[in-house]
Every structure is written in C-alpha cells, then in structure tokens.
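What Swiss-Prot lists as topological domain 'Lumenal' is 1-37, and the listing cites sequence analysis. Taken from Swiss-Prot, the feature transmembrane segment applies to 38-60, supported by sequence analysis. Annotation source Swiss-Prot lists topological domain 'Cytoplasmic' at 61-135, citing sequence analysis. Swiss-Prot lists Cys99, Cys101, Cys110, His114 with the feature [2Fe-2S] cluster binding site, giving similarity to another entry as the kind of evidence.
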Amino acid sequence: MMLESLARVFKVQLPAYLKRLPIPDSIAGFIRLTVLEWLRLLPFLGVLALLGYLAIRPFLPKKKQQKDSLINLKIQKENPKVVNEINIEDLHLAKAAYCRCWRSKTFPVCDGSHNKHNELTGDNVGPLILKKKEV
C-alpha cells in the first residue's frame, strides 16, 4: 500500500505537476511571466533551492565553536590560585574598582581592559566596584 502510493507520486503525480509548471523556453521568458505564474513556480523553486543548499552545505566553511579558554593568561601563573586581599578599612577613596577579567595591567585594580576584552569576545565582564557607605 505504501509503496504503491509512493510509486504513484513519482510516476504519475510528479510528472503531471512538472508538465503544468509555466517554465519558459528562454531566460527572457521569465520576464514575461505573470504574478500568478510566478506563484505557481514558487514551491518548485523553493524545493530546488533547498536541494541546492543541502548539496553544497558539506563544502561550506564550518563556524568555529568557542571553546572554554583560560581567563587568567599572565597574572601570578606560578600560584595555584590567585587571591588578593584588600582590607576595606584601607579604602581611602570613596569608590574603588577591581579587575575581574584578568586583563588589567594594574591588577588587581581595574584599568578598563575588560572593555576591549568584551568587544573582542562578546563577553560581558566588568569590574568589582567597592563604595564607601555614606553615613
């Protein structure tokens, strides 16, 4: 039953459909097609475009998948874990910004290096900002 239906589609219905399509004899004939004829051609052209894409897809360049990469590239690499301790009482400024992207040349203080890092990688890292509470 299933194979008979499939055979009917390929032997009878598909050839009949292709015969009814308004395919012009020349390229100039495409200009003379009416809107209704273009609408009748649309499904056929869509299937051809899909088959063409599926045929060339294996040859298209692959998008590089972003791997998890190291964040800290150069600061205190000899230590197994980098920890900076700052006593809050020692904060003489009303506000201080500390680096969280590991790109700062004045680490642990933020110098805005995360802006370039974010632009290049699409990341959204920012500094840790400490403020004195106003009493």
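Positions of Cβ are set from backbone N, Cα and C atoms, glycine also.
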### Query
Including all protein chains shown, what's the count of other C-beta atoms within 10 A of the C-beta of His114 ([2Fe-2S] cluster binding site)?
20
### Summary
The predicted model's mean pLDDT over the topological domain 'Lumenal' (1-37) is 90
### Query
In the structure shown, which of the binding-site residues Cys99, Cys110 has the fewest Cβ neighbours within 10 Å?
Cys110
### Task
Residue list, the topological domain 'Lumenal' (1-37) vs rest of chain: Cβ under 8 Å, 6 or more residues beyond ends.
44
